[in-house]
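I have a structure here, written as structure tokens, and I will follow up with some questions on it.
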Amino acid sequence: MLCIRPEALVLLGALLTVPLDPVGGQDALSLTWEVQRYDGWFNNLRQHEHGAAGSPLRRLVPANYADGVYQALGEPLLPNPRQLSHTTMRGPAGLRSIRNRTVLGVFFGYHVLSDLVSIEKPGCPAEFLNIHIPPGDPVFDPHKSGDVVLPFQRSRWDPNTGQSPSNPRDLTNEVTGWLDGSAIYGSSHSWSDELRSFSGGQLASGPDPAFPRQAQDPLFMWTPPDPATGQRGPQGLYAFGAEQGNREPFLQALGLLWFRYHNLCAQKLAREHPLWGDEELFQHARKRVIATYQSITMYEWLPSFLQQTPPNYTEYRPFLDPSISPEFLAASEQFFSTMVPPGVYMRNASCHFQMVLNESYGSFPALRVCNSYWIRENPNLNSAEAVNQLLLGMASQISELEDWIVVEDLRDYWPGPGKFSRTDYVASSIQRGRDMGLPSYTQALQALGLNTPKNWSDFNPNVDPQVLEATAALYNQDLSRLELFSGGLLESYGDPGPLFSTIVLDQFVRLRDGDRYWFENTKNGLFSKEEIAEIRSTTLRDVLVAVTNVSSSALQPNVFIWNEDSPCPQPQQLTTEDLPHCVPLTVIQYFEGSGPGFGITIVALCCLPLMSLLISGVVAYFRSRERKKLQKRGKESVKKEADKDGVSAMEWPGPKERSYPVSIQLLPDRHLQVLDRHLSVLRTIQLRPRHRVNLILSNNLGRRTLLLKIPKEYDLVLLFNSEDERGAFVQHLQGFCASCALGLDIDEMGESELFRKAVTKQQRGRILEIFFRHLFAQVLDIDQADAGALPLDSSQKVREALTCELSRAEFAESLGLKPQDMFVESMFSLADKDGNGYLSFREFLDVLVVFMKGSPEDKSRLMFTMYDLDGNGFLSKDEFFTMIRSFIEISNNCLSKAQLTEVVESMFREAGFQDKQELTWEDFHFMLRDHDSELRHTQLCVKGGGGGVGVIFKPDISSRVSFIIRTPEERSSPQGVRLPASEASELGGPVLKKRFGKKAVVPPPRLYTEALQEKKQRGFLAQKLQQYKRFVENYRRHIVCVAIFSAICAGLFVERAYYYAFVSPPSGIAETTFVGIILSRGTAASVSFMFSYILLTMCRNLITFLRETFLNHYVPFDAAVDFHRWIAMAALVLAILHSVGHVVNVYIFSVSPLSLLACVFPSVFVNDGSKLPQKFYWWFFQTIPGMTGVLLLVVLAIMYVFASPYFRRRSFRGFWLTHHFYILLYVLLIIHGSFALIQLPRFHIFFLVPALIYVGDKLVSLSRKKVEISVVKAELLPSGVTHLQFQRPQGFEYKSGQWVRIACLGLGTNEYHPFTLTSAPHEDTLSLHIRAVGPWTTRLREIYSHPMGDGYARYPKLYLDGPFGEGHQEWHKFEVSVLVGGGIGVTPFASILKDLVFKSSLGSQMLCKKIYFIWVTRTQRQFEWLADIIREVEENDHRDLVSVHIYITQLAEKFDLRTTMLYICERHFQKVLNRSLFTGLRSITHFGRPPFEPFFNSLQEVHPQVRKIGVFSCGPPGMTKNVEKTCQLINRQDQTHFVHHYENF
């Protein structure tokens, strides 16, 4: 073991204590002694830490804790502290000290205690021994509520103690345990430096040199509020070496005394030694002041206090432990409390006792103690002379009697803790004793070898028997329970009792003899014997005389004792009656006044998403307006041209409907046309010669309204901008009527009456509904009650309308066709027998009867008559050609004249009429001989026709077209639509491979029907179980990954929550805000993990690479974007919970006292006694975590709202820009946690690895996407589709179905948009088909509409990033795959189909044996470019791998006469050219929406050996949801398993 000689330790102590920056050589030579440290270290060379600041108290008697370790004793074993104080220590003031001890001696004792010990600092984590106030307490519970609790926080303890009964808790002494002037100079070098002026060796003074400067940071003086006035802050408090040196003016006066004495000594030394520098002067003055302080305390004050002379000093005893004991603290402090008077006199040197001013109550003979605690800028002590008068007054005033009574100024009006302005000093002292684990009174006597009383009667006979009896009753007559504090006071009378005297004397002797720096120790080199004798002869009177400049005769020789011959006797012993009343208790409500602001702040934070939504709405509005401007740009010239011949106005459609702009055109053929703002014809009104035009004008409200009455139709109501515009139109109309020989009647009425008189379209619609209801009631023999009764109304306009004749437009609308269609014109002309341009009820009924009840011959004759345009009884080839052309109009198709001629010739040739130029009705009916059943079921489908009209149409098995029609039963059935026979035949057995023109060798099988009949019906629970099993099977990889990720997040949450709830380092935060800290810290860990690893879901290059590895069998990399959204939403929920947790925290922290917050946040708060916590807005807006948290909520609100699907569809650029806020998000997240308010930063633990991977992935993309790529070809296709063909970069490898991100240099280099490649991997160039649906794609179409140069320079270049993978790449992993594309969502399948056929032509081995491609489009012309690709696939598909079904949804979904004829023509066209009349393809063409459930059901029967079928859909959300729902429905059955992948556009 290494041994160190004492001399070496002395040298080490000298090196550590002597300043290293002397002013000069003379200075260095002048400090010939070892300078004493400020923190108490090395005062004892054997035990360096003895007496050091922060060292524990050392017990004289073993601890007395309830558990033997740290838990304090309390009720019911010991009495209530307040009850004990009120019962035992209560008594009248004004009892004079028996020994004539002065008040100066009492407060000098308090000053000595502040130099020796300080345990007022609360411990951490906060522990409370609250004092419960008995109900009805006159001071603290005058209203008898019974729920008043005075908070008492336990003191700071040594963390190395309190572990076991052999090592019980010991409190920590915050100051040095030596009598070394720490109350004057501070207990640390830094504290002393703050007190010094560093000039002339003096302590720093304020504007008045007699006063030190005021307390300020970083000098943490104790600054509680004034309990009398509530004044707060350091203003008016002085900087002393003792933290609580400003507690009372009396203690403050003693601090000022020693401050001035030090500066006096420094000034004297400076005069004597002019060459000394500041450090020498300061250290010499400090040395002399400390020695004088030690001498006065030990040899003048202590004997007067104990009435005992301490033993003579012999030598320094290094083996003696001088540490302060808790018993000494209790004995001395509590004995002083009995001597404190209710007031303190002030006098001058001539013995004149001053009247003191009380701002509230006037003048009084003395300062009231209870109203002087922590007083700021006392008007009675605003000068050095006033302080001198207070010191002289204390020297002349005799203290209270040394007994058990404590004045009410301490007992009831001591400065209170927390939100209480007052507390009970005695009760708090009792609790402090229990906190320190003080022994009982009898245990202390026994331990110190003193006589122990046997019973209660053995106490001091001077004790009031009633007090003794009451005390015994509180302790249940058990003397062994009597506490040290109570017993010590009860045994004292006039002088401290044996116990207190023994404890105090022992402590001071140990302090003296164990201190190496004691002034009488001649071996330390501090003083010579002459100097020691001089110091011993210096008394406090000498100090007072030197400082106050009063005559020595104005003070008695011993200022701690007043004798009869002493000068300036006090006027009288002060009582409470002579003084102002104590300011009563007040309770501070920390949150008072903060409620509205706190609520508004929370509401504002909750409204952040709404504010973001409002901003997004404004952005979407402007983007929509911009898009409309782009769309209108091409129509402006047309509109201007139309405005030349038309009149602009607003049409009023009816009440509670918005008016809309229209343009009125008057045509020479007596027609009035109403056009919308897109110049589309809304309505055509035919004005007949024998009709008079009725015009009604408004004569009020601006005279700008006009009503045009139209017989047998709804009226036209126009609103003009002004009367002049209306007048111009009326003149124009008058001229038009005159030129067309039309009569015009003009009338005027009020505008409101005009509106009531008008027959609106809505009213006309109700009349037509009744018209059709009764029409079908007569045709189909429906009961009148079922048809509905005609409404009876006396209104003239309704009676006129009930004559009800249909116009050509209404007739066309009822058939779902256009008025200008040839079919409409032919049918209308045929039915309009009287030729008046309208169909009456009877005329329509005659035609309807033929369709509803007529034979096939009647129907064909009707068709023949309709198209016999010249009425000669023959149908020429030209008329037949016209008929076919009218059929084609239904699909908006435009076949060439040659194609139509070929169709007509083929039909004539098929019927054997190739040599005829005209057909009779018999010939025409013969041509339809194969379609007798179709004609039999043909009806005229009318809107509003009621039930029973539509009948399923079942064409021949070799048909390439089908109609999807719903019967009423099907409309109400859950399965929706039946499978047409064309589909059943297409999917059935060997017929599946038949081409048109070839006859089937077997009858068409009814696979779909038979399969339904054979299916086993399961119960509801069984179906749900099967559906669940299929869901798990489909998404097992997704479920496992989500479960693992969720488990990690949950684990992080639980770990942090458990840590802070139970095993965190003792800071007290869990006890302060248990729910808030668990919620906030648990969610913080999970959110940190989520926001870190969400970056991996956006590492597109890494995902594309990994999906080609074996990991793709376990991780669904194609669901990265969905997983990204899921993480984002989960993180959002947890972020909200995190915010809620912090809202709880902020509220709790805003109502928690500063002492508690200083424990929870030691790096932020310092407990200076000011009590008040920070307001809520400080936490929100003035801290780094709070401010960054609010900013994070703002960023999240913007990012999430702008990332919503709704907004992305309206402004992709807004989404693109706001999503780049993620950089700001991560910066704020890092800053948010870096403040380490509760824990050390942990975000980097989660963030570092994903961030590095993400940055690497972005660098890979950056290296690619900054290469300019030339566009080879640009085509503008119908339906707003732009086809771009561009160079394929070198080394660019991709797979069919993948997508890329492009930026157009002409539109900005930073805005990238994702599009699916429509080129195949084997092609030399890349191609995209981009539909103009937003501003960016619309501008892209504009840019590429006009070439700018020659060659590759003709078009703006592109930046390319990708390729990236999607789930559609897995089509080849299934034996049977179904591809469903809707709208622009067909783009991935264009690449897949081309790739499939290419691989098939090369004879590549593929698992996939059959692909069904379902294309859903409004019209076959919508995406003609895809038709070309399908045509190419059909030409190269020699192995019949692909079966294409095209669903045209815009066709009339009615089985009427014209669609029947259309089907017949389609069939003949297929026979001739083996391709569709509409698309030119061999694909199956359907009119209607795809019936997914029957289609998938039939696939199970067609491919019974296949157990798993892949379904890949891409398109609008509605379509993909239907596919997903169908797959889930079929997966309930224990048959083929349908695995669905989808992507929404």
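Every residue gets a Cβ built from N, Cα and C, even glycine.
Got these off Swiss-Prot a minute ago, pasting:
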| type | residues | note |
| --- | --- | --- |
| DISULFID | Cys124-Cys1159 | disulfide bond |
| DOMAIN | 819-854 | domain 'EF-hand 1' |
| DOMAIN | 1081-1263 | domain 'Ferric oxidoreductase' |
| CARBOHYD | Asn100 | N-linked glycosylation site |
| CARBOHYD | Asn312 | N-linked glycosylation site |
| CARBOHYD | Asn348 | N-linked glycosylation site |
| CARBOHYD | Asn358 | N-linked glycosylation site |
| CARBOHYD | Asn455 | N-linked glycosylation site |
| CARBOHYD | Asn549 | N-linked glycosylation site |
| TRANSMEM | 602-622 | transmembrane segment |
| TRANSMEM | 1038-1058 | transmembrane segment |
| TRANSMEM | 1075-1097 | transmembrane segment |
| TRANSMEM | 1126-1148 | transmembrane segment |
| TRANSMEM | 1183-1203 | transmembrane segment |
| TRANSMEM | 1221-1241 | transmembrane segment |
| TRANSMEM | 1243-1263 | transmembrane segment |
Just name the most isolated of the disulfide-bonded residues Cys124, Cys1159, going by other Cβ atoms within 10 Å of its Cβ.
Cys124
Here are the glycosylation sites: Asn100, Asn358, Asn455. Which has the lowest count of other Cβ atoms within 10 Å?
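Output over glycosylation sites Asn100, Asn358, Asn455: least Cβ neighbours within 10 Å is Asn455.
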Could you name the stretch, out of 1075-1097, 1126-1148, 1183-1203, with the greatest number of CB pairs under 8 A to the transmembrane segment (602-622)?
1183-1203
Give the nonlocal contacts of the transmembrane segment (1075-1097) in its own chain as ranges (CB under 8 Å, at least six residues past its ends).
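Distant Cβ neighbours of the transmembrane segment (1075-1097) are 1045, 1048-1050, 1052-1057, 1059-1061, 1069, 1103, 1120-1121, 1123-1124, 1127-1128, 1130-1131, 1134-1135, 1137-1138, 1140-1142, 1144-1145, 1148, 1225-1226, 1229, 1233, 1238-1239, 1242-1243, 1245-1247, 1250-1251, 1253-1254.
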Under an 8 Å Cβ to Cβ limit, what residues of the same chain, 6 or more beyond the ends of the transmembrane segment (1038-1058), are close to it?
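Contacts with the transmembrane segment (1038-1058): 1032, 1078-1079, 1081-1086, 1089-1090, 1093, 1114-1116, 1119, 1123, 1126-1127, 1130, 1134.
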Quick check: of the glycosylation sites listed here (Asn100, Asn358, Asn455), which one has the Cα closest to that of Asn549 (N-linked glycosylation site)?
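Its closest listed neighbour, by Cα, is Asn100.
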Express the distance between the Cα positions of Asn348 (N-linked glycosylation site) and Cys1159 (disulfide bond) as a whole number of Å.
47
If you count other CB atoms within 10 A of each CB, which of Asn348, Asn549 wins among these glycosylation sites?
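Of Asn348, Asn549, the one with the most crowded Cβ is Asn348.
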Suppose we draw a 10 Å sphere around the Cβ of Asn312 (N-linked glycosylation site). How many other Cβ atoms does it contain, all chains included?
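I count 6 other Cβ atoms within 10 Å of it.
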Should anything in the same chain at least six residues away from the transmembrane segment (1221-1241) have a Cβ under 8 Å from its Cβ atoms, list it; otherwise answer none.
1069, 1077, 1081, 1084, 1088, 1091, 1161, 1163-1164, 1183-1185, 1188-1189, 1191-1192, 1195-1196, 1198-1199, 1247, 1251
What else in the chain is close to the transmembrane segment (1243-1263), if you only count residues 6 or more beyond its ends and a Cβ gap under 8 Å?
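Tertiary neighbours of the transmembrane segment (1243-1263) are 1088-1089, 1091-1093, 1095-1096, 1098-1102, 1226, 1229-1230, 1232-1233, 1361.
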If I take the Cα of Asn312 (N-linked glycosylation site) as reference, which of the recorded positions Asn100, Cys124, Asn455 has the closest Cα?
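Comparing Cα positions, the candidate nearest Asn312 (N-linked glycosylation site) turns out to be Asn100.
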Nearest to Asn100 (N-linked glycosylation site) in three-dimensional space, by Cα, is which of the recorded positions Cys124, Asn358, Asn455, Cys1159?
Asn358
Take the C-alpha atoms of Cys124 (disulfide bond) and Asn455 (N-linked glycosylation site) and report the distance between them in angstrom, rounded.
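Given the Cα positions, Cys124 (disulfide bond) is 40 Å from Asn455 (N-linked glycosylation site).
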Look up Asn358 (N-linked glycosylation site) in the DSSP assignment and reduce it to helix, strand or coil.
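Note: Asn358 (N-linked glycosylation site) is in a strand by DSSP.
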Between the Cα atoms of Asn358 (N-linked glycosylation site) and Asn455 (N-linked glycosylation site), what distance do you get, rounded to the nearest Å?
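About 48 Å separates the two Cα atoms.
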I'm trying to understand the geometry here, so how far is the Cα atom of Asn455 (N-linked glycosylation site) from the Cα atom of Cys1159 (disulfide bond), in Å to the nearest whole number?
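That separation, Cα to Cα, works out to 44 Å.
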Looking only at the domain 'Ferric oxidoreductase' (1081-1263), what is the model's average confidence as pLDDT?
87
